[in-house]
């Protein structure tokens, strides 16, 4: 064997060391009582995930109840209720137009009714609405219920910075994991192949296979031929990357709008990845560094998001038009959110409280540009401050 082949095998061994992935096939024990699933949220990504879940609930009748409820914040589209459009035409014409939804996916405008007798809740709403949703759900969700958060962001309050999955667990008393990955919603909805990561820690009160949600059940719930799922336990790792990638993407949008090209975008992503990992090490030491490199929820998601997601588009328009972030968001996103705008403020507030702002110059630069109109052209100097501090 050549020296080059030896090096390749050695590198492969390092990359895969300690990596535990579930296989693409799912071997399941029939549930004693099929799990009833509800998706809370009906935006672009919420509807896409609801489509995936409904397809799998129909495909595994021995494991899941066939009907999937999707809570919809009711709107009127040309005089028709959005829920009625979804339930009769099987399309979300506002947030996911052109995509046919499964007939077992039922839009429900009543939040409390949508979670009646539920076993699994998938949260997929803009994260700023989570406290209000949890407040409404309190007292209506049994402790046996399990949840997955597809939200991107943090909850920052008197208790410090919290993962949104932890916030859900604390507020509702239910075990909650997370789903995150290199997933542009429209591409997933169009059934173009992609990967994602689901993270879930089996709780101490696990009731047993066939009676409770485990990694096999979650694999069956989310895995599709076009949507490949890796199930791991590092909820913190995938949640951190899922939140902070949007802040990095704003930085990429700024330099793109300034016309600085691919080299500048790559520099932002390099610095951003370092700050994401540093944030995890400092504030969530239970997160695993390999998650950032090896999972779809890590560097792959960062690359995809920085290639042209909502945050890049908003930041690019800010740079080219001189408009503020909120004008650009309203103009571009059809009522949806660029989550990085909120996350960068939450991160700034937390870092300021901890006295750690100087350790995260890119995150701070993005915050100052969005909220205090710092000149975008100063980004390189602001980022280089980290090296000065380390010297």
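Indices start at 1 and increase along the chain as displayed.
In case you wondered, yes, glycine gets a Cβ from its N, Cα and C as well.
Taken straight from Swiss-Prot:
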- 2: N-acetylserine (MOD_RES)
- 24: phosphoserine (MOD_RES)
- 27: phosphoserine (MOD_RES)
- 41, 42, 43, 44, 45, 46, 73, 129, 185, 310, 339: NAD(+) binding site (BINDING)
- 152, 310, 311: substrate binding site (BINDING)
- 245: active site, proton acceptor (ACT_SITE)
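In this structure the C-alpha atoms belonging to residue 152 (substrate binding site) and residue 45 (NAD(+) binding site) are separated by 11 Å. Taking CA atoms as the reference points, residue 339 (NAD(+) binding site) and residue 310 (substrate binding site) are 8 Å apart. Under the DSSP three-state reduction, residue 310 (substrate binding site) is assigned to helix. Listed in sequence order, the residues of the same chain lying 6 or more apart from residue 245 (active site, proton acceptor) and placing their CB within less than 8 Å of its CB are 152, 272, 276, 301, 302, 305, 306.
Classification of residue 45 (NAD(+) binding site) by DSSP places it within a helix. If you take the Cα of residue 310 (substrate binding site) and the Cα of residue 185 (NAD(+) binding site), they are about 11 angstrom apart, rounded to a whole number. Binding residues for NAD(+) (41, 42, 43, 44, 45, 46, 73, 129, 185, 310, 339) extend across at most 21 Å, taking the greatest CA-CA distance.
Each residue in 245, 246, 249, 305, 309, 337, 338, 339, 340 lies on the same chain as 152, 310, 311 and has a C-beta within 8 Å of the C-beta centroid of that substrate site, without being one of the site residues. Over all protein chains present, the Cβ of residue 152 (substrate binding site) has 26 other Cβ atoms lying within 10 Å. Cα spacing between residue 73 (NAD(+) binding site) and residue 311 (substrate binding site): 23 Å, rounded to the nearest whole number.
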